[in-house]
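Let me begin by presenting the structure, written as structure tokens, before commenting on it.
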Amino acid sequence: TETTDKEKKPPLNGRRAIPLNNSNDEENEVPEMEGFGLIPRGFNPKDYLRVVDIHMFKEPHEINKQQHHTDKYYNPKLIVRRGQSFQIQIDFNRPYRPETDQFWLEYLIGRYPQQNKGTYIPVLVRDVLKPGEWGAKITHKENNSIRLSIMSSATCIIGKFRLYVAVWTPFGILRTHRNSATDTYILFNPWCQQDAVYLDDEREKEEYVLNDVGIVFHGNINDIKSRSWSYGQFEENILDACLFLMDKAELELSGRGNPIKICRVASAVINSRDDNGVIAGSWDNTYTYGVPPSAWTGSVDILLEYYSSKQPVRYGQCWVFAGVFNTFLRCLGIPARLITNYSSAHDNNANLQLDFFLDDEGKLDTKLTKDSVWNYHCWNEAWMTRPDLPVGFGGWQVVDGTPQETSDGMYRCGPASVQAIKHGHVCFQFDAPFVYAEVNSDIVYLKRAKNGTQVIENIDTTHIGQLIVTKEIGRDGMMEITEEYKFKEGSDEERLALETAVMYGVKKHTLQDTSYQPQADVEMEFQVQKAVLGSDFKVIITFRNKSHNSYTATTYLSGNIVFYTGVTKNEFKKHSFSAKLEPYSSSDFDVVIKSSEYLSDLLDQASFHFFVTARINETGKILALQKATVLEIPALRIKTQGAMVADKEMSVIVEFTNPLKQTLENVTLRLEGPGVLRTMKKEFRQIPTNSTLIWEVKCIPNRPGLRKLIASLNCDALRHVYGELNVQIQKP
């Protein structure tokens, strides 16, 4: 026996008595008979109280899952939320006698359970249950059975626990043998006042914890687009996949009751940079050996592929990271929502200033310009208390899984208190200065003078973070939350928040030390006509001369095809003209953009970025503006046929007409709908111009209620084509 004992022991490590306990998957062996010293020959365990069976009441329609709001999880085991009581029944071999019989429950998690770490939990039978503390109480006795009400701690570790029943005998402890059917998942509880994620509003819990579909807002500030995303947090194996992410991040089990720690490690493991996390990002429009980010319709496929392959799934961009992160948070019971910030600053030196360098002609110098404005950027907010910060900074916290900059040496971001960002208190962890810059930077247009100094030509203080939105509660519309992040532009409070942020170390150049005087008496603005992909459109530039002088303005328009991150791929339109500005009058100038100029180079989000710079010849001053615009992309149509009843077959039909003047090749369609059908894929070799494709799918919905079908179409020439349909599935 000596050799086997040695093999079982973990390798010695001079620093710790036992190794790190950071996997929910691993288990230890628990002795079924734990003797107290010598056991007499006549001892027969059968003489004592023995457990015959344990009933967990774990069906979706039974009391536990109903009361704990976990009935939607497609998982056969018991799932409860912490800090709230649940019921089990134990059948013994004879009636239970409280005077002489003594038993207790043991919940264990991980491979090296320890009581002081919360990974080994003995639960004793008491007369009274204290709210938010571990305990068990007998509520009912009948024949050989007892019914127990069990209360878990409101700070309990989140994960999958193993259950044993232990019976005391004079000679040792008798335990039930390992039975995976009694495994119990314990999740966060937004319904429990003592839980760090407690949320009081019932409608908010319905939306931010229990809704398994959501809306992603994209496009840009002048042309907001939306699409549905299937979070699917209740689908089969998703809960296990989410727990696996914490194992992957090597978060110690004892830290898994803390939503702050969970969010921080998850924001790193959602992206594949530096830890082989869930999704590999790609922003360069080439998606070889992977799925283009715009093709995904939800999180389930991504999480399940990662759970089985353990390798990063290709490819994602910000809304994909945010969509998967939202699934993770809602699945574990942390209230979460997906946020879009329009005109989001990616300021790579955190000086609250995006430096755009212009050359002598007033064109953007792409070599010198390192900062970029993303048309939009998606992140998440998670709801929790922040006992690590002063009072008042709990509530919504920004967490961001998109790899932009490193934080403490890893690509991660958050949790950062939204309230702290609004008031400029960016000294509070984690990563508040970066988020503050994303919503508050100024755009500064600079020019290199001959002697190498930088001259400020123009400053735009209102372009960044103009609109911050999320999905409405209970409806599919848009809810603006800009005011949660910042005070009104130009208000005293806004200046004060900025000064506070600067005081706490956010670098900001002051304008006093530069000789910057803008041209005050001429205003310039421009409008881009709404346009459908494949058609011509106009850019209209307007000057207002508010002085009694006549001016001439040398005007330069540059049209660029950009990634939605604001990084230019190429300039497809250059146009210069001289504009005469009469005193006290306004004048419009049109520039026509032809489809032949842009179609060959278009990227997947059909995004353009226009720069207009004008030099007033008489004063030498420069006016500069920039705007992003997105083309209208045709939608997919979804229809259903047949009765829509749970457990009965129905048909879903997806249609699409090719609007381009070219044949679409190698087209992939995807269709999914939580509770109605698993993700389906179909490839089409070609769709000629103006022809319509029709795809019919048969499915058997398994959940009644209002469900959503989501479809996407993808090929090299056309991406970001979506369709959706709400369907009411009747009870059988």
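The backbone N, Cα and C atoms fix where each Cβ goes, glycine too.
Worth saying up front: this structure is predicted, and the values here are computed from it rather than measured.
Summarising the annotation, TrEMBL assigns region 'Disordered' to 1-29. The compositional bias 'Basic and acidic residues' annotation in TrEMBL covers 1-10. The domain 'Transglutaminase-like' feature in TrEMBL is assigned to 310-403. Here TrEMBL flags C318, H377, D400 as active site. Residues annotated as Ca(2+) binding site in TrEMBL: N440, D442, E489, E494.
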### Proximal residue to D400 (active site) among recorded positions C318, D442, E489, E494 (C-alpha distance)
C318
### Query
Setting N440, D442, E489, E494 aside, what same-chain residues sit with their Cβ within 8 Å of the center of the Cβ atoms that define the Ca(2+) site, listed in sequence order?
T461, T462, I464, G465, K486, G490, L498
### Query
Ranked by the number of other Cβ atoms within 10 Å of their own Cβ, which of the recorded positions D400, E494 ranks first?
D400
### Message
Looking only at the domain 'Transglutaminase-like' (310-403), what is the model's average confidence as pLDDT?
### Response
90
### Query
Cβ distance under 8 Å to C318 (active site), same chain, sequence separation 6 or more: which residues?
W374, Y376, H377, C378, W379, T402
#### Entry: Those recorded positions listed as H377, N440, D442, E489, and which of them has the most Cβ atoms within 10 Å of its own Cβ
H377
